[in-house]
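To keep things clear, I will list the structure first and then write my remarks on it.
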Amino acid sequence: MLLLFLLFEGLCCPGENTAAPQALQSYHLAAEEQLSFRMLQTSSFANHSWAHSEGSGWLGDLQTHGWDTVLGTIRFLKPWSHGNFSKQELKNLQSLFQLYFHSFIQIVQASAGQFQLEYPFEIQILAGCRMNAPQIFLNMAYQGSDFLSFQGISWEPSPGAGIRAQNICKVLNRYLDIKEILQSLLGHTCPRFLAGLMEAGESELKRKVKPEAWLSCGPSPGPGRLQLVCHVSGFYPKPVWVMWMRGEQEQRGTQRGDVLPNADETWYLRATLDVAAGEAAGLSCRVKHSSLGGHDLIIHWGGYSIFLILICLTVIVTLVILVVVDSRLKKQSSNKNILSPHTPSPVFLMGANTQDTKNSRHQFCLAQVSWIKNRVLKKWKTRLNQLW
């Protein structure tokens with residue numbers, strides 16, 4: 001524990017540059033949610049001799065840091081992920097986490113029998129701080145369920161976690177040095193690091209990307225019923241409001257899925273509504289997002305059918321053109337295939353050769369037209385399937 005305190009002395013008391021940047025006093029978040037910095041740890045224990053831990057750091061919903069389990073080093077995922085910390089401060093922080101991950105696995109494996117932790121099991125820890133808020137947070141989950149938390153001055157078992165969580169909290173509450181370390185790390189170092197990140201990444205945090213939305217039919221929930229699906233994608237920041245509407249009336253049956261990340265660091269969400277087939281008319285999907293400047297995005301159910309009609313008309317026109325071209329080629333070929341009934345002459349022989357050449361050319365054209373038709377049909381069929 002002495003080593004932890006020495007590391008923290010350098011981390012929490014670096015001398016100069018300990019105040020949060022003044023420029024942040026006027027900083028306003030693009031999202032409605034209060035911004036936080038969160039550290040997430042996932043440790044898997046297969047047996048008493050094998051365990052694996054992963055760690056990551058998140059500024060709001062944006063991952064800014066990772067933990068290299070092989071090298072035991074912090075991975076900075078953004079050019080500004082260093083914040084305003086000095087190299088020495090980051091080195092101290094990295095040394096602290098190296099010691100923590102190594103010690104955590106040893107302590108858990110040594111205590112698994114005492115607290116009846118049955119292999120294999122998984123422990124998740126979420127800890128961090130919020131900007132301009134005094135409270136800190138640390139929550140632990142065991143096998144995917146809430147287990148215990150650190151409330152700033154004491155460890156508390158989660159409701160329904162049972163006697164095992166109560167016993168572990170009793171043991172943890174005896175170690176005052178652990179409480180002091182957490183209070184310093186989460187109550188002092190974390191807010192200062194969060195302030196530096198917000199200043200360094202201000203331009204990216206203020207980025208706004210407008211959502212795109214489209215409608216489709218999902219799997220039928222039953223005879224005579226429809227599942228209407230509203231897809232919203234490509235928006236940033238994450239907070240978004242999506243609802244099926246009838247006029248100005250919200251449809252309470254709207255089911256929202258999870259907000260999922262896209263590869264370009266934007267977000268995707270779908271909202272569904274099960275209705276009787278005859279009640280779909282007049283419904284619309286409304287999207288509210290900070291990038292829209294107060295103007296809601298509204299898509300009416302059935303509006304997309306006009307688009308489908310245009311596609312169908314385009315397909316029909318294309319097929320008609322192909323049929324006309326095919327017909328003309330056949331007509332030209334038949335006009336030039338009239339043979340003379342007289343004895344063959346050199347001119348006829350020459351014409352025969354020409355005819356063979358033209359027949360070959362005609363067959364090639366027919367094959368090409370057939371290939372074009374098949375290809376076009378295949379493409380349009382694929383597009384239509386995607387819409388449905």
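Including glycine, each Cβ sits where the backbone N, Cα and C put it.
What you are looking at is a predicted structure, and each value in this text was computed from that prediction instead of being measured.
Annotation source Swiss-Prot lists signal peptide at 1-19. Look at Swiss-Prot and you will find ASN47, ASN84 tagged as N-linked glycosylation site. What Swiss-Prot records for 191-301 is domain 'Ig-like'. Annotated disulfide bond per Swiss-Prot: CYS230-CYS285, in sequence order, evidence recorded as sequence analysis. Sequence annotations record features per position, and here Swiss-Prot assigns transmembrane segment to 305-325 based on sequence analysis.
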Using DSSP with the three-state reduction, classify ASN84 (N-linked glycosylation site) as helix, strand or coil. coil
In the domain 'Ig-like' (191-301), averaged pLDDT is 95
I'm trying to understand the geometry here, so how far is the Cα atom of CYS230 (disulfide bond) from the Cα atom of ASN47 (N-linked glycosylation site), in Å to the nearest whole number? 45
One should report the C-alpha separation between ASN47 (N-linked glycosylation site) and ASN84 (N-linked glycosylation site), rounded to whole angstrom, as 41
ASN47 (N-linked glycosylation site) - helix vs strand vs coil (DSSP): coil
Given the glycosylation sites ASN47, ASN84, which one has the fewest other C-beta atoms within 10 angstroms of its C-beta? ASN47
How many whole Å apart are the CA atoms of CYS285 (disulfide bond) and ASN84 (N-linked glycosylation site)? 43
So how many other Cβ atoms are close to CYS285 (disulfide bond), meaning within 10 Å of its Cβ? 25
Per DSSP, what is the residue count of the domain 'Ig-like' (191-301) in each of helix, strand and coil? 20 helix, 51 strand, 40 coil
Just counting, how many other CB atoms are there within 10 A of the CB of CYS230 (disulfide bond)? 25
